[in-house]
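S.K.: Have a look at this one.
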């Protein structure tokens, strides 16, 4: 009891720790929801090149996670800790590269390389922030209950970060009407009609400049929040070296540790289950703005619909934290994530109706909250299980977190690249006020049928996950004895 009291974290420490999760979610949400439509309708890139940027950027983001995990494992402890220096020194460069993603360069050639380079640079730098931050969970306390509580604080703030990312980006950009071009109405018309089209295009160019400025203003606001959260985290959280070390710890090389981690059955089964469920929500995230704009016809409302989803998710995080402590984490997975299925089907089957869409958005947010909370709440249990089986090995926390993110990001990059490419094949019209029926059908598949199938597959695989509540409590007792 005395040891447990010493390991308890204050509310202030938990809040400061939780705030550190906001930058990744704010920027990730803004990029996830808006980058695709920005590249297509604001930067006016061809859908083929947009798909390359989205795929390569996400794939590179995935590759950087194990790379950063490797370098962290080789990092020596400093007066600031082993993880905190990565967070501090990556922040200023990350915010600069993030701003340049939302800047349209005045060059006729090389726009594709501009966005590709700065997107990859930002993904590298934000990984240098988020991988050590994720691994920090294991260094703030040795008590499972305290880590779970801190994780709940973190997930609440992270979902709030998605609300901020959606609200800042959506509301600032939504105040400016992005110009669009009607379907080719002027083909075969007299010259006077062609001249009128050219006049409209001149007007549209002015409006497009306002839209581009709005994206840069939103990026500037998000940059300020990124820096503020990084400062609060570095000042308010103490990284405890002893919190992750057992009495018999001996250092093991990175590749030996990687082999041990990848041979740990509970970890592989957890990844297999959450890989597909996370992929479903990422696919929905990447295409939802286009779906609302074109398929549902809510061009001026989509940012508010996204905001409704994220607000609902934020408010239900405490409920899911209570649910998993009351009924167990595996039960929470089945109930929480599967609850999205009927609403994903409903939004695609029902006719376009704004009120129904808002109701579906609020209901879907409840499931989004579970998808946010549960993976990060269960990873520490897997690490504890690993430590019991390999008590002579330590320092692999970053490997667990980074490779989980690696598989998820790489799969999402493939899916988002393929989905954007499929829109190109379906005949997507850049800056079009409406889209062909083939594009609308493709968008329905990307936000409904495909995510439902991925969720069902993920839940089926998750039945193999071996750590239930009984085993989790048994591991906790064994770790206390071992320490």
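Don't overthink the numbers, they just go from 1 along the chain as shown.
Even glycines carry a Cβ here, placed using N, Cα and C.
Annotations for this protein, taken from TrEMBL, read as follows:
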| type | residues | note |
| --- | --- | --- |
| TRANSMEM | 15-39 | transmembrane segment |
| TRANSMEM | 83-105 | transmembrane segment |
| TRANSMEM | 112-133 | transmembrane segment |
| TRANSMEM | 214-237 | transmembrane segment |
| TRANSMEM | 266-284 | transmembrane segment |
| TRANSMEM | 304-324 | transmembrane segment |
| TRANSMEM | 331-349 | transmembrane segment |
| TRANSMEM | 355-377 | transmembrane segment |
| TRANSMEM | 398-421 | transmembrane segment |
| TRANSMEM | 441-465 | transmembrane segment |
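Are these features on the surface or tucked inside, and what are their neighbours?
M.R.: Beyond the ends of the transmembrane segment (83-105), by six or more residues, the same chain brings 20, 27, 31, 35, 38, 42-43, 68, 72, 75, 111, 114-115, 118-119, 121-122, 125-126, 128-129, 131-133, 135-136, 139, 212, 215-216, 218-220, 222-223, 226-227, 230, 233-234, 237, 239, 398 to within a C-beta distance below 8 angstroms of the stretch.
Distant neighbours of the transmembrane segment (214-237): 12-13, 15-17, 19-20, 22-23, 26-27, 30, 34, 38, 42, 80, 84, 87-88, 91-92, 94-95, 98-99, 101-103, 129, 133, 136, 140, 164-165, 168-169, 172-173, 175-176; these residues of the same chain sit at least 6 beyond its ends, with a Cβ under 8 Å from one of its Cβ atoms.
Long-range neighbours of the transmembrane segment (266-284) within the same chain, counting only residues 6 or more positions beyond its ends whose Cβ lies under 8 Å from a Cβ of the stretch, are 32, 333, 337, 340, 344, 368, 371, 374-375, 378-379, 382, 385-386, 400, 403-404, 407-408, 411-412, 415-416, 419, 446-447, 450-452, 454-455, 457-459, 461-462, 464-467.
Listed as Cβ neighbours of the transmembrane segment (304-324) (distance under 8 Å, sequence separation of 6 or more from its ends, same chain) are residues 29, 33, 148, 152, 155-156, 159-160, 162-163, 166-167, 170-171, 174, 288-289, 292, 298, 331-332, 335-336, 357-358, 361-366, 368-370, 372-374, 377.
Residues 273, 277, 280-281, 284, 320, 323-324, 356-357, 360, 363-364, 366-371, 374, 444, 447-449, 451-452, 455-456, 458-459, 462 of the same chain, all 6+ positions outside the transmembrane segment (331-349), place their C-beta atoms under 8 angstroms from a C-beta of that stretch.
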S.K.: Tally Cβ pairs under 8 Å between the transmembrane segment (112-133) and each listed stretch (15-39, 355-377, 398-421, 441-465), then give the stretch with the top tally.
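M.R.: It is 15-39 that shares the most Cβ pairs under 8 Å with the transmembrane segment (112-133).
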S.K.: Report, as numbers and ranges, which residues of the same chain sit near the transmembrane segment (355-377): CB under 8 Å and 6 or more residues beyond its ends.
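M.R.: Contacts of the transmembrane segment (355-377) (Cβ under 8 Å, skipping residues fewer than 6 from its ends): 134, 137, 148, 151-152, 154-155, 158-159, 270, 274, 277-278, 281, 292, 296, 298, 305-306, 308-314, 316-317, 319-321, 324, 329, 332-333, 335-340, 343-344, 346-347, 404.
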